[in-house]
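Below is one structure, written out as structure tokens; comments come after it.
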Amino acid sequence: MTLTASSSSRAVTNSPVVVALDYHNRDAALAFVDKIDPRDCRLKVGKEMFTLFGPQFVRELQQRGFDIFLDLKFHDIPNTAAHAVAAAADLGVWMVNVHASGGARMMTAAREALVPFGKDAPLLIAVTVLTSMEASDLADLGVTLSPADYAERLAALTQKCGLDGVVCSAQEAVRFKQVFGQEFKLVTPGIRPQGSEAGDQRRIMTPEQALAAGVDYMVIGRPVTQSVDPAQTLKAINASLQRSA
């Protein structure tokens, strides 16, 4: 992977891999992070770690050279969501997300909150349908559309509001690239190398399949974090992706 210049002290990688840091122990998380190279991936910090260890933990990861996807899925009244997104930008994260189901006014307010940050603003992504959800789960909420159709409706709203892209399942990526264009970024969890267990993600795909489907950033968790040699696992994934490109 080629290390390129950044507008900040954070390293920039051209790898599409984002490793999910799902730890409840700060030292264990940092011990893992110190085994891998920021040129090989970005890192995702979610609700558990951010609640436990706060912004300072994000700064520690940034000081090690990593770009951070702050995966807090903001979903609130427009003013509150906008202030939260601006706070994430102040923290210097690379990507932040909101729930598309928060609606157009909320997403527009979040986007407008990033205007003062200019080129230093993080990517603003909306969550469509959680990858753990199936049609029966949506039906329980009164949604009669299929997960794919509902995700597409929310993605269309997201693009209309001017956000950078959406979180979606890999199965939706081909259709989304056709409908929303190449510049609309697709971020996909549930990506697992061949031979990995599915875990709690229902709709999964391998990194190579995700790349072919049009996924821009693929979130990979336990197959890397629980690997005996995570650095080598990352290098193998990236090498395979380069061969598939």
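Cβ atoms are placed via backbone N, Cα and C, with glycine included.
Neighbour list (HIS75 (substrate binding site), Cβ cut-off 8 Å, at least 6 residues apart, same chain): ALA81, VAL98, HIS99, SER101, GLY102, MET106. According to Swiss-Prot, the feature substrate binding site maps to ASP22, LYS44, 71-80, THR131, ARG192, GLN201, 221-222.
The active site, proton donor annotation in Swiss-Prot covers LYS73. Close to LYS73 (active site, proton donor) in the fold, though at least 6 residues off in sequence, lie LYS47, ASN97, VAL98, HIS99, VAL127, each with a CB less than 8 Å from its CB.
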Just checking, which of PRO78, GLY221 (binding-site residues) has the fewest C-beta atoms within 10 Å of its C-beta?
PRO78
